[in-house]
Amino acid sequence: MSVFAGYAACTLGAVSMLLCVSLVPQVYQQVSMLRDELTTEMEAWRLESDQIYMDMQKFGRVRRQAGGYGGYGGYGSGPSGPSGPSGPHGGFPGGPQGHFPGNTGSSNTPTLPGVIGVPPSVTGHPGGSPINPDGSPSAGPGDKCNCNTENSCPAGPAGPKGTPGHDGPDGIPGVPGVDGEDADDAKAQTQQYDGCFTCPAGPQGPPGSQGKPGARGMRGARGQAAMPGRDGSPGMPGSLGPIGPPGAAGEEGPTGEPGADVEHQIGLPGAKGTPGAPGESGDQGEQGDRGATGIAGPPGERGPQGEKGDDGPNGAAGSPGEEGEPGQDAQYCPCPQRNTNAAVSGNQGYRN
C-alpha cells in the first residue's frame with residue numbers, strides 16, 4: 001500500500017510540474033499584452049494632453065492679442081490712465097510701481113517683483129481678465145477660478161526640432177514712459193530696458209521614437225555574505241490530534257499487595273443515559289405454537305353459480321309395497337280360490 005501511495009504521489013507531482021511549465025508561456029503572453037495595451041493608452045493620453053495644452057496656449061494668445069498687446073513686452077493703445085499723460089506708465093520688472101493699459105490708475109495695483117527675463121502680469125482691456133506672464137488668462141475679480149499656475153508635472157522627453165517659423169509683423173511703437181522715482185541705495189540690478197523680454201518656452205513637442213537599447217553594463221561585484229539569521233520564536237502549540245489506535249497489550253505485571261479493607265458503599269444511581277442506536281436484526285426465531293381460533297369474519301359475497309354436477313349413482317332398492325286390493329273379475333274364467341295366508345310372490349294360496 002505504501003509503495004502504491006509513493007508512486008501515485010510521484011505521478012501527481014510530475015503532472016503538476018508539466019502543467020506549471022505549460023502555463024508559464026500563457027501567463028507571460030497575457031502580461032505582455034496588458035503591458036502593450038497600457039503603453040498604447042498612455043501614449044494616446046499623452047498626445048491628448050499635449051493637444052489640450054497647445055489649445056490652451058492658443059486661446060491665451062488670442063485673448064492677449066484681443067486686449068491690444070502685440071507681445072509680452074509691448075504696450076497697448078488703450079486709454080490713458082488718469083495718473084499721467086496719454087499712454088500707460090512704466091511697468092518694468094524691478095522698476096517703480098506703474099499702471100498698464102486699461103488700468104484706472106488706482107493705488108491698489110500689485111507690486112511686481114524684480115525678476116529678470118519674466119514679463120510682468122498685465123491686465124487686459126477694461127472689463128477683461130488679467131493675463132499671466134506665460135500668456136494664459138488668470139482669474140479676474142468677478143471670476144471664480146482657483147487655478148494653480150505652477151506645473152508640478154515632470155517634463156517629458158524633448159520633441160523633434162520644428163521648422164523655423166516666419167518673421168512676425170513689427171510691433172506698434174511704444175509710448176515713452178514716465179521717469180520713475182529715485183530708489184533707495186541697494187545693489188545694482190540688471191534690467192532689460194532694450195529689446196524684448198525672454199519669451200517662455202513653447203509647448204512640449206511630441207515624443208520621439210524609442211531609442212535603441214544601450215550596451216550591456218559591466219557585471220557588478222559579488223555581494224557580501226548576509227548575516228546568519230536568528231532562530232525564530234517557538235510556534236504556538238498545535239491542535240490536539242485524533243485518538244490513536246490502541247497499543248499492543250503489555251506484559252502482565254507482578255501481583256500487587258492486597259488492598260486495605262473498606263466498607264462497601266453503594267453510590268447513588270447515575271443519570272439515565274441516552275438510548276443507544278438500534279442493534280442489528282437478529283436471526284429468525286422458531287415457529288411458535290398455534291394460536292387460538294379467531295373470531296369468524298363476516299360472510300363473504302355469494303360466488304358465481306357452479307357448473308352442473310355429474311349424475312349420482314342409483315339408489316338402493318326400496319322396501320316392498322303393501323298388498324293391493326283384489327282386482328276386478330276378468331269374466332272369462334272363474335277366479336281360483338286363494339289361501340289368505342299364502343304369499344303372492346310364491347304362487348301359493350290358490351287351489352287348483
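Using the three backbone atoms N, Cα and C, a Cβ is placed for every residue, glycine included.
Of the given residue ranges 29-32, 37-40, 49-52, 61-64, Swiss-Prot assigns the label region 'Furin-like endopeptidase recognition region' to 61-64. Taken together, the residues of the domain 'Collagen-like' (202-259) have an average pLDDT of 82.
The region 'Triple-helical region' (156-182) shares the most Cβ pairs under 8 Å with 202-264, out of the stretches 202-264, 267-290, 294-329.
Sequence-distant contacts of the signal peptide (1-29), counting only residues of its own chain at least 6 positions beyond either end whose CB sits under 8 Å from a CB of the stretch, are absent.
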